[in-house]
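Asker: Structure in structure tokens, see below.
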Amino acid sequence: MAHTNESVVSEFVLLGLSKSWELQLFFFAIFSLVYVTSVLGNIMIIVIISFDSHLNSPMYFLLSNLSFIDICQSSFATPKMLVDFFVEHKTISFEGCMAQIFLLHSFVGSEMMLLVAMAYDRFIAICKPLHYNTIMNRRLCIIFVFISWAVGILHSVSHLAFTVDLPFCGPNEVDSFFCDLPLVIELACMDTYEMEIMTLTNSGLISLGCFLALIISYTIILITVHRRPSSRSSKVLSTLTAHITVVILFFGPCIYFYIWPFSRLSVDKFLSVFYTVCTPLLNPIIYSLRNEDVKSSMRKLRNRHVNSWKN
């Protein structure tokens, strides 16, 4: 990625989460455990869905893709953060910084759209059950995944196209553990007010649009379930609870950052940790604990391995 001649900054300094050596060791232990558990948990969901024919449905196809995005989202900055806990001078190259910005917004944008696709899947399954197999075919699911990645990448490129050519000519300290776009923009040697508004509008529109679509979808679904009680209502509500919980945990920090994107508080970097490191772990936990089909498949897979080990 080339940048203009005005940009003399070749690297950025990441201030990290704390300067205390004891706290950094504590954070390393905690976030190492969270990261490894997150990656293994999401891989487990992908493996279970791939090898269990009972989970060969559109909902679980989309869920496996959500797990893949979560693996990517938890890995774009966390490994470097863990290494940096043992480095006194935490730096990242200009190109590496731009790459982090690109990857984060690509994964976040893709996950937003994929959550909307999952809500649409539940809407069709509950509100139009007789047409479900016809509407939610494999081709449509693949289209949903493609659109999710396309929107995420376009959303990220639209940010990066303006950021990469900003004149960085002096200050280079980013008060976070990764290159957070608003914090990087503030370092530019120019009036960045218009750039900040553009960033807020771009990110705000996609997040608000997706969030409203999800709220409307799940409201209609819950009303439908309430009006048509059946023997499967408890299972449907359990699945919906898992979906809605993931939506709230994902969009909560996101909406917070877009409401106050350029006035940062000390708690914000820890909220960033939750958003980038912890949220990907919550998805496998929530879906594993709230979804009977996934729990049943996990038990069958475990029993199969136990039996094969005994033999």
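Yeah, the Cβs are placed from backbone N, Cα and C, and that goes for glycine too.
A TrEMBL annotation is a machine prediction, not a hand-curated record.
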Asker: Out of 60-78, 174-192, let me know the one TrEMBL marks transmembrane segment.
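Answerer: Here TrEMBL associates transmembrane segment with the stretch 60-78.
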Asker: Would you mind giving the whole-number mean pLDDT across the domain 'G-protein coupled receptors family 1 profile' (41-287)?
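Answerer: Per the prediction, mean pLDDT sits at 86 for the domain 'G-protein coupled receptors family 1 profile' (41-287).
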Asker: How about the transmembrane segment (25-48) and the transmembrane segment (205-225): at least 3 CB pairs under 8 Å, pairs 6 or more apart in sequence, or not?
Answerer: no
Asker: Need a quick answer: max count of Cβ pairs under 8 Å to the transmembrane segment (237-259), which of 98-120, 140-162, 205-225 is it?
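Answerer: Counting Cβ pairs under 8 Å, the winner is 205-225.
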Asker: Near the transmembrane segment (205-225), which residues from the same chain, at least 6 beyond its ends, have a CB less than 8 A from one of its CBs?
Answerer: 109, 112-113, 115-116, 119-120, 122-123, 126-127, 151, 155, 233, 236-237, 240, 243-244, 247, 251, 254-255, 258
